Amino acid sequence: MRASKPFGVPIAIWILFFTFADIMLAAPRIDLWVSGAFFSPETGFELREQPLERLLYWSVNVATTSVVVFLGGLWWFRRVPGRKLLYLLAVLILVPGLLVNSTLKEHWGRARPVQVMEFDGTRAFSPPFVPSDQGGGSFSSGHAAAAAYLVVVAAVLAGCRSWWVAAALIYSLMVGFVRIAAGGHFLSDVVTSFFLVLIGALMLYRLFFGRDADCRAAPD
């Protein structure tokens, strides 16, 4: 069983992730093509600073903070086991927090779409998965990672086939789409964050619960 899930992650997910990375490394201009669909030489990224973009941008921080408070309340009133709470907090701290925001965004140095010369900026475009010196904090997307974390919370608390998971998934896709359309991130920044949260959550699941994640059963 575990041979087909290295580190608790199904081989299919590893294959998808590395295939995606190989494609983006071989054809990095895919990022420019996708972002270019939302850019106009006259008006720039039209969704940037618009009400919907601002709403979704700030809603991620509000939603994440609210979820942490909610988890604390569930634990305080003994509605959720301590191990489950620690697991969810560990995923948040280690993946969106430490890996994405504190490590990749701070040190990878990839310029954002709105900053690169192809879209009337001043910085050089660099491929994903390749460290750069442009200092833009684009790779990978912190907002996409935080939004994807909400899917993990919903799956653990309500079951991965629940409507809560569907709602959280739709929300995370909306956040990712708007970050791309507003010139805040490239496609690869968003997709990479989704993969990192998924892989990190599955790896930590095995560590905390001693078994692989299974949609048919909730953790103890």
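Yeah, the Cβs are placed from backbone N, Cα and C, and that goes for glycine too.
Note that TrEMBL annotation is computational and uncurated.
Model, not experiment: these values are computed from the prediction.
So that you can see what the record holds, here are the features copied from TrEMBL:
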- 7-27: transmembrane segment (TRANSMEM)
- 55-78: transmembrane segment (TRANSMEM)
- 85-104: transmembrane segment (TRANSMEM)
- 87-205: domain 'Phosphatidic acid phosphatase type 2/haloperoxidase' (DOMAIN)
- 138-157: transmembrane segment (TRANSMEM)
- 164-184: transmembrane segment (TRANSMEM)
- 190-209: transmembrane segment (TRANSMEM)
Worksheet item: By DSSP, how many residues in the domain 'Phosphatidic acid phosphatase type 2/haloperoxidase' (87-205) are helix, how many strand, and how many coil?
Response: 82 helix, 2 strand, 35 coil
Item to complete: Express the predicted model's confidence over the domain 'Phosphatidic acid phosphatase type 2/haloperoxidase' (87-205) as a mean pLDDT, rounded to an integer.
Response: 95
